[in-house]
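Data first, discussion second: the structure below is written as structure tokens.
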Amino acid sequence: MNNITKRRTAIAKLISQAKVDTQHDLITLLKNQFGIETNQAVISRDLKALNVVKKAIDGKRVFSLPARDVHEEVLKLGVQDIQKNEALIVVTVLEGLAPFVGDIIDDLSLEILGTLSGENTIFITPKSTHNIDEVYKQMCKKLYFNPFI
């Protein structure tokens, strides 16, 4: 798991378990409970990426995670095709979604060197061509794509 994923997982856990109402409190909790040091700008980006909102609970406005996973819904509707050859994996998505899906792929902790996103196409280079089949299978699963339909 990369640092971004670890931090965002910790943030989601803290928000779901405690009534956190400020980014400063979140930074303190991350350091004290998970040993993760960060700053307000990073926390702000993470909260946006996690689709965190503020909700009134017991008269106090606290951070809250969305009721359902919006990312999952976008992936299920937006990923049109995933193909591979001996060297690359190519993901085709609805127009304009490639940067969004590319960022998600970057955070999946797969054995990839990197991604290149256009408007509706994402090129993925695996770390090794020897495991491209396994990376392809994992990517299909994590992007909610069934190649057999």
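Glycine residues also receive a Cβ, built from the backbone N, Cα and C atoms like all the rest.
Automatic, uncurated: that is what TrEMBL annotation is.
Model, not experiment: these values are computed from the prediction.
TrEMBL annotations:
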DOMAIN    5-67  domain 'Arginine repressor DNA-binding'
DOMAIN    78-139  domain 'Arginine repressor C-terminal'
Point to revise | Summary of DSSP states over the domain 'Arginine repressor DNA-binding' (5-67), given as helix, strand and coil counts | key: 35 helix, 10 strand, 18 coil
Point to revise | Across the domain 'Arginine repressor DNA-binding' (5-67), average pLDDT on the 0 to 100 scale | key: 91
Study note, to complete from the structure: DSSP puts the residues of the domain 'Arginine repressor C-terminal' (78-139) at 21 helix, 23 strand, 18 coil
